[in-house]
Structures are given as C-alpha cells and as structure tokens.
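Below is one structure, written out as structure tokens, with a few remarks after it.
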Amino acid sequence: MAQFSDIDKLAVSTLRLLSVDQVESAQSGHPGAPLGLAPVAHVIFKQLRCNPNNEHWINRDRFVLSNGHSCALLYSMLHLLGYDYSIEDLRQFRQVNSRTPGHPEFHSAGVEITSGPLGQGISNAVGMAIAQANFAATYNEDGFPISDSYTFAIVGDGCLQEGVSSETSSLAGHLQLGNLITFYDSNSISIDGKTSYSFDEDVLKRYEAYGWEVMEVDKGDDDMESISSALEKAKLSKDKPTIIKVTTTIGFGSLQQGTAGVHGSALKADDVKQLKKRWGFDPNKSFVVPQEVYDYYKKTVVEPGQKLNEEWDRMFEEYKTKFPEKGKELQRRLNGELPEGWEKHLPKFTPDDDALATRKTSQQVLTNMVQVLPELIGGSADLTPSNLTRWEGAVDFQPPITQLGNYAGRYIRYGVREHGMGAIMNGISAFGANYKPYGGTFLNFVSYAAGAVRLAALSGNPVIWVATHDSIGLGEDGPTHQPIETLAHLRAIPNMHVWRPADGNETSAAYYSAIKSGRTPSVVALSRQNLPQLEHSSFEKALKGGYVIHDVENPDIILVSTGSEVSISIDAAKKLYDTKKIKARVVSLPDFYTFDRQSEEYRFSVLPDGVPIMSFEVLATSSWGKYAHQSFGLDEFGRSGKGPEIYKLFDFTADGVASRAEKTINYYKGKQLLSPMGRAF
C-alpha cells in the first residue's frame with residue numbers, strides 16, 4: 001500500500017488552496033467540492049499513469065471529472081503535474097477565452113473530454129473503458145501489453161441521480177469492465193440543501209445489483225491511506241467495474257463547511273484567510289505553491305510516467321518488428337489516418353438498381369466499411385433488426401465468459417439506452433486510436449440522447465448516429481415514433497453534420513463525410529420506406545452538402561428537398577412541365593452544415609437570386625428559412641397508419657408539391673427576389 005507523509009498533506013493543502021484562489025479570483029465557481037475532494041484527487045493522480053509531456057500517449061490512464069463544476073481542483077492538479085497551465089492561467093479561471101473555463105473542455109491540456117452536465121462524465125468513462133478493452137483484445141500479444149490502462153472517474157451525488165449514469169453503469173456491470181474505477185464523492189449536499197430532501201437510496205446496493213464491486217471510505221477528508229487501499233483493491237477486480245463511495249465534507253475547512261452555501265459561490269475573504277492559516281500558508285498571499293510540492297509530483301508521477309512512456313515506445317518498436325501487419329495498422333491508427341483507398345469500398349448505385357430504403361443502403365455501406373476500417377465500432381439501442389446496423393459475421397463486444405462474444409468484438413448491444421449509448425460513443429471517440437463509433441436508433445429517439453449529442457458537438461467527438469425511421473413514412477407506429485421537430489433541433493446545434501440522404505449514392509456520401517470528419521459528429525437520417533436510385537444523384541456532388549439534381553434552363557421555381565422528398569420533388573417538377581410548361585429546378589440538400597461551408601459562388605449557383613425557392617420536407621419547416629422563400633412541411637404531429645396513406649393525408653405527393661409550387665410562383669410574380677441565403681453579415 002502507498003505510504004503517505006507530511007509532503008502528501010502539504011500537496012493536498014496546496015490543491016485545496018489553489019482551487020479556492022481560482023474561485024476567489026473569478027468571484028465565481030464552486031469551492032466546496034474541491035475542498036472535500038482534494039485527498040481523492042491526490043491519491044488518484046499519485047498513481048496515475050500519465051506523461052504531461054506526451055499527454056495523448058495511448059497507454060495512459062484516463063481521468064474524467066464527471067462533476068465538472070469542481071474543475072478548479074482538476075486545473076490545480078494538472079498545473080502541479082506540469083501540464084500546460086501557468087499560474088496566470090489559474091488566475092484567469094472562468095474568464096473569456098481562458099484556458100481554464102468554468103467546466104472542463106477538451107481543448108484544455110490534460111482534459112480527456114468536455115464534461116459538466118451531470119452524469120455525462122461517468123458515462124463517457126464507460127465508453128473509454130469499452131474502447132480500452134477492445135483495443136487491448138485487438139492488439140495485445142503475449143509479452144506485448146500494448147494497452148493495459150485504467151479509466152478513473154470522480155462523480156457526485158448529482159451524477160448518480162441523472163438517468164444517463166444509470167443506463168451506462170448498468171451496461172458497464174453487464175460488460176464486466178474491470179478497467180473502470182469510479183470514486184463517488186458523497187457529501188450529502190445539493191444546491192437545494194441536503195440530498196436527503198430528494199435522494200436517500202442506498203447507492204452501493206444499486207451498483208452491487210448492476211454487477212459492480214463496491215467499497216466505502218468513511219473519512220474522505222483526510223484518510224488518504226484508506227482511499228489508496230480501496231484503489232489498490234479495485235485494481236485487483238478484473239471482471240467488475242468498481243465504485244468507491246468516499247464520504248467527504250463539502251467545503252472542508254471552510255466556515256461554511258457541510259452547507260449548500262459553500263457549493264457554488266466564492267468564499268468570503270475572512271474565510272479564505274482562516275483556511276490558509278489553518279494549513280500553514282500566508283493568509284495574505286494567493287496562488288502559492290511550495291517548491292517541494294512541484295518536486296514531489298515530478299518525482300512520484302511525472303518522471304515515472306515518462307519512463308513508462310519510453311518503455312512502451314521501445315516495446316512498440318519491437319512489436320512492429322515481430323507483428324508487422326498489426327504494427328503497421330496500429331501505427332496508422334495512432335497517426336489518425338485511414339487506410340489508403342478505403343473509400344473505394346463505398347457502394348455506388350445506378351438508376352437501374354432496385355429501390356431501397358436508405359436504412360438498407362446504410363447497411364450495405366456499413367458492411368463494406370467494417371471490412372476495411374478496424375476502428376469502426378458500432379451498435380444499436382435494441383433496434384438492430386430495424387436499424388440494420390449489424391453486418392453478417394459480426395462478433396459482439398461481450399465478456400468472453402458469457403460466450404456471447406468477446407472484447408475484440410465490434411458490435412455493442414446497448415439495450416434500450418439511447419442516452420447512455422450517445423455518452424458511451426463520446427467516450428469511445430475520446431479514447432483515441434482513431435475509433436469511429438456509430439450507434440443506431442430511430443431518429444425520434446435521438447432526442448432521448450440530446451445531452452450527449454450536444455456534448456459530442458461541443459467536445460469535438462466525431463461519432464455517428466444511424467437514425468432510421470426518419471419521418472411519417474415509418475407508418476403505423478404513429479406520432480409517438482414519427483419525428484417532426486427532431487431534425488430542426490439537430491440542425492440548430494453548432495458543429496453538427498445532419499445528413500438526410502435521398503438514395504444510395506447520397507448515403508455513401510454521408511458516411512464518407514462522417515468517417516472522414518475530424519472533430520464534427522454526424523447524424524445520418526434514414527428512411528424506412530423504399531426510395532428509388534435517382535438518375536442524377538452524385539456521390540461527389542453530395543459531398544458539397546447540396547447540389548442540383550434535376551435542372552432546366554431559366555427555371556420558374558426551385559424545389560429544394562432532402563431524403564425521401566427529393567424523388568417526389570423530381571416527379572412534381574416533371575408534372576409541372578408536362579401539364580403547365582412550368583420549369584422547375586430540383587435541389588437535393590442532404591446536409592445543411594456542409595452546404596453552408598461551400599463557397600458563396602457555389603451556394604448561389606445552386607440557389608440563385610431571382611427565382612422563387614420552395615422547400616419540401618415532411619418534417620418541421622423551422623430550419624428552412626435561410627434557403628427557401630416558402631416551405632411545405634409538417635408543423636404538427638403525424639398519424640398512425642400506412643406510410644403512403646399518411647403522405648396522402650397531408651398532400652405530400654407530386655400533385656401536392658406541384659400545386660404549392662404554382663402558388664409560390666404566382667405569389668412572387670413581379671416581385672424582386674433575392675436568394676434567402678443573402679446576408680448583410
């Protein structure tokens with residue numbers, strides 16, 4: 001067991017006071033949790049395998065602060081370890097464009113993933129543990145432990161009240177993730193006051209039922225020996241994740257300790273001074289770090305971590321010699337590169353090919369891609385036969401003892417846990433090694449995972465949502481399952497690809513974009529109903545996010561659509577010309593995000609000035625204002641019935657589109673029209 005002495009106590013006091021000083025400097029933040037949690041953080045990081053000079057070393061231990069509001073503690077710890085934080089960075093805590101934002105963000109040194117909304121961090125940690133287990137099972141060889149790292153997380157009462165943590169903790173227990181160790185900061189205080197007002201369950205019994213190893217430390221404010229002993233015991237558990245309940249005092253040492261008042265406000269000046277006196281620091285000085293604390297962390301954490309990194313590098317060089325194929329593949333993944341020519345395996349389609357639901361063309365794409373992309377790891381939230389996310393011959397990611405699969409398997413059975421699936425995918429992506437996670441559910445149920453979807457965009461995790469049954473076209477399941485507002489919501493999220501392909505070629509383009517994406521997640525919305533392979537659909541043009549799929553000279557109107565409505569718009573355009581000699585251009589706009597990043601010249605060549613533009617999409621119209629003068633869509637809930645009959649009910653037919661196109665032309669006749677894309681700034 002690790003030994004602790006006065007230098008450890010000094011290090012903990014330094015952590016506490018640096019955290020308090022940050023909050024004091026900003027006059028904003030959360031001093032309570034750092035004061036109580038500092039001993040836990042010290043114990044974790046004292047044994048953490050990391051290298052601040054190579055923070056992305058693949059075999060490092062991961063640490064996730066799920067209760068991200070206590071990030072002043074994390075920044076203090078990372079500064080002491082020599083990560084790229086100066087004292088001035090700590091002084092700039094919570095200031096605009098600082099490197100120390102109010103909750104941990106991935107762009108800050110040493111921060112594995114953006115956390116803050118409670119419950120997300122522990123769920124991301126489950127994803128990291130899954131990735132590590134898969135990575136180890138794929139690449140480890142006898143005598144060559146390429147991956148044997150742990151994932152550590154700190155969570156609070158609030159994290160464990162959030163539903164997403166229940167989803168992911170349940171799955172982690174089922175998957176027997178012995179590489180996951182979580183510390184539960186039980187301080188009995190919430191923003192409202194005592195947690196007993198709303199939360200009195202036996203958390204450890206719940207986690208025991210999930211299949212976790214459970215432990216308890218009663219005196220977390222200062223009993224580093226017991227914390228360390230529990231951690232070492234947790235490492236012995238190879239077939240269960242571990243949760244260690246540590247009873248702490250929020251705001252330990254403060255005049256307000258043990259109260260809700262110390263949670264989220266700066267301490268008063270006299271309180272800060274008495275804290276510093278209590279722990280032997282000058283009460284009139286701030287951001288003080290004794291040199292012996294820097295030296296201690298360098299000796300106990302930094303130098304051993306550098307040595308382990310160097311030993312790993314030497315081992316990897318030998319590995320590449322002994323296992324050249326695996327070594328080459330692994331080096332490529334560590335470089336963040338894709339296999340040369342991988343895109344040639346994307347299926348191409350012609351108008352002579354059978355009409356297929358885009359969920360089926362998606363299945364063809366995924367089946368081809370998993371053969372050439374070992375970093376592609378997928379699953380579904382208990383909708384595999386509907387999402388068509390599993391390929392023939394797939395091996396499930398399961399504990400080998402269950403005989404249901406193994407840890408080298410790349411198909412994850414998430415169960416009915418959409419939010420958990422999203423947060424886990426974020427963690428898999430954040431693990432590194434170029435992992436490309438995808439997860440399937442109905443488009444409408446992506447809303448269950450809104451928190452994780454938003455954090456994927458904020459944290460820059462390029463995960464892929466395979467979102468089938470993308471409209472009223474799903475039919476009989478009715479309005480509870482039919483998405484209306486969902487795409488508008490997703491399109492409103494910054495840094496988010498939202499693809500709705502019209503046929504097979506556009507589906508291939510959507511996946512090409514999603515797989516190539518560096519720091520932008522993707523939602524691929526796919527139809528349940530069959531759609532024709534369109535005559536002028538283009539993989540290359542679709543990669544621009546929008547293009548002219550049916551053109552005429554001097555159009556009287558432009559119809560712009562996505563997905564299943566593109567073919568209807570083309571039929572409407574032909575009908576308009578055959579019956580009224582009205583000339584209609586049709587534009588397919590499968591991804592707004594990509595289209596918006598094309599040159600102004602290209603965008604205005606597709607949707608120019610001087611022509612009325614009408615959008616047609618059988619979902620909410622609210623996201624179409626910047627592309628169309630008029631929108632035809634569905635701003636009410638759908639109906640239960642056969643898909644084609646529901647389309648007819650709302651007049652979503654070629655005749656219905658043609659009629660509204662004619663009305664749009666007449667309305668704007670004689671008026672000077674600028675493209676809706678035109679903007680002053």
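Glycine residues also receive a Cβ, built from the backbone N, Cα and C atoms like all the rest.
Residues or ranges marked as site 'Important for catalytic activity' by Swiss-Prot: HIS30, HIS263. Sequence annotations record features per position, and here Swiss-Prot assigns substrate binding site to HIS30, HIS263, ARG359, SER386, HIS469, ASP477, ARG528 based on similarity to another entry. Taken from Swiss-Prot, the feature thiamine diphosphate binding site covers HIS69, GLY116, PRO117, LEU118, GLY158, ASN187, HIS263, GLU418, PHE445, and the record attributes it to similarity to another entry. Positions annotated as Mg(2+) binding site by Swiss-Prot, on the basis of similarity to another entry: ASP157, ASN187, ILE189. The active site, proton donor annotation in Swiss-Prot covers GLU418.
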Distance [Cα-Cα, Å, rounded] between ARG359 (substrate binding site) and PHE445 (thiamine diphosphate binding site): 16
Distant-in-sequence Cβ neighbours of PHE445 (thiamine diphosphate binding site), under 8 Å, six or more positions away: ALA381, GLU418
Recorded positions clustered about ILE189 (Mg(2+) binding site) [Cα within 10 Å; pool: HIS30, PRO117, SER386, HIS469, ASP477, ARG528]: none
Candidate recorded positions HIS30, PRO117, ASN187, pick with smallest Cα gap to HIS263 (substrate binding site): HIS30
C-alpha spacing of GLY158 (thiamine diphosphate binding site) relative to SER386 (substrate binding site), in angstrom: 35
Least Cβ-crowded entry, counting other Cβ within 10 Å, from the recorded positions listed as ASP157, GLU418, ASP477: ASP477
Neighbourhood of ASN187 (Mg(2+) binding site), C-beta criterion under 8 angstroms, separation at least six: GLY32, ALA33, GLY36, GLY156, ASP157, THR247, THR248, THR249, ILE250
Integer Å distance between the CA atoms belonging to HIS30 (site 'Important for catalytic activity') and ARG528 (substrate binding site): 48
Neighbour tally for HIS469 (substrate binding site), based on other Cβ positions within 10 Å of its Cβ: 27
By Cα-Cα distance, the member of recorded positions HIS30, HIS69, PRO117, GLY158 nearest HIS469 (substrate binding site): PRO117
Those residues of the chain, 6+ apart, with a Cβ under 8 Å from that of PRO117 (thiamine diphosphate binding site): GLY68, GLY451, LEU455
ASP477 (substrate binding site) to GLY158 (thiamine diphosphate binding site) - Cα separation in whole Å: 35
Residues HIS30, HIS263, ARG359, SER386, HIS469, ASP477, ARG528 binding substrate per the record - widest CA separation, whole Å: 49
Neighbour tally for ARG359 (substrate binding site), based on other Cβ positions within 10 Å of its Cβ: 24
